[in-house]
Amino acid sequence: VEKEGQDNGTSPLRFFLVGTGNIPAHWAVLFLLSLIIYLVTVVGNILIVVLVVATQHLRSPMYFFLGNLSSLEIFYSSTILPRLMANFLTGDRTISAHDCVAQFYFFAAFATTECYLLAAMSYDRYLAICQCLLYASLMTWKVCLQLVAGSWLLGLLISTVLTSLLPQLQFCGCRTINHYFCDFTPLLELACSDTSMATLVAFIFGFLDVVFPFLFTLASYMCIIAAILRIPSNISRQKAFSTCSSHLTIVTIFYGSLFAVYVLPRTAPLRQLSKVFSSFYTILTPLVNPLIYSLRNKEIREALRK
């Protein structure tokens with residue numbers, strides 16, 4: 001990438017991230033807002049991890065998945081927000097080709113891992129509600145570790161394959177990325193070389209790391225809702241739904257914004273809206289994850305009070 005994008009063979013390729021607007025007077029406010037969001041995100045998710053590790057009655061498969069999700073959200077937000085804050089603070093919105101590729105690699109790895117981890121969490125809730133008598137024998141600690149490890153491995157593998165396509169692209173014209181971080185589609189739109197192979201591979205992996213986990217999660221929750229509706233007691237039905245409502249909220253925000261960005265056509269108005277929707281799964285989801293689980297989960301609130 002760097003060699004193909006040099007200016008007169010001397011200067012290394014750099015991209016310009018202009019997705020945050022061109023009004024420097026607003027950058028100080030945006031920096032403070034980003035700093036507050038990042039601190040709340042990191043502290044909140046670290047608190048969830050500490051509670052899961054330190055509290056005896058939270059050492060169950062459901063909270064094991066939650067602790068891993070919170071750990072993932074810390075890494076996920078750290079891929080986007082520190083660089084964004086540096087852009088606001090210094091006013092320098094350029095990023096080198098190597099840094100851009102590295103940012104996309106970690107972003108893609110963590111986003112893909114989260115897709116599979118959310119699917120694993122929905123499977124855990126399905127077993128707990130629909131197969132409650134067999135739950136202890138089916139969702140063992142070995143199975144939990146395999147699901148979490150598989151989520152991370154698939155995320156790293158798919159991200160590695162997608163990132164390996166970027167150095168094959170040539171950028172010989174405009175290098176302005178109308179986004180606030182390096183994403184795959186905006187980079188493809190800037191390339192002046194043939195992108196058909198990269199587009200095909202991205203489509204295939206998009207099905208594997210977004211559509212397939214989403215359909216699996218959707219099927220799990222359809223079974224869960226059907227099972228809850230068959231419970232005769234209103235109190236029992238409400239208790240069963242409360243165990244999965246927090247996870248369902250996170251899934252709705254995460255996948256809703258993902259589909260809005262990567263499935264809807266890239267028309268000019270929607271291209272502008274995609275930056276807003278991108279902030280939902282890159283910034284909002286890691287932020288609200290500890291808030292939703294702490295406010296809606298009785299056991300988390302009890303552990304937090306203690």
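Placement of Cβ uses the backbone N, Cα and C atoms for every residue, glycine included.
All annotation found in TrEMBL is predicted automatically rather than curated by experts.
According to TrEMBL:
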DOMAIN    44-293  domain 'G-protein coupled receptors family 1 profile'
TRANSMEM  27-55  transmembrane segment
TRANSMEM  62-81  transmembrane segment
TRANSMEM  101-119  transmembrane segment
TRANSMEM  149-166  transmembrane segment
TRANSMEM  214-232  transmembrane segment
TRANSMEM  244-264  transmembrane segment
TRANSMEM  276-295  transmembrane segment
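Here the listed stretches are 27-55, 62-81, 101-119, 149-166, 214-232, and the one with the most C-beta pairs under 8 angstroms to the transmembrane segment (276-295) is 27-55. Residues 1, 101, 104-106, 108-117, 120, 184, 187, 197-198, 201-202, 205, 208-209 of the same chain lie 6 or more positions beyond the ends of the transmembrane segment (149-166) yet place their CB under 8 Å from a CB of it.
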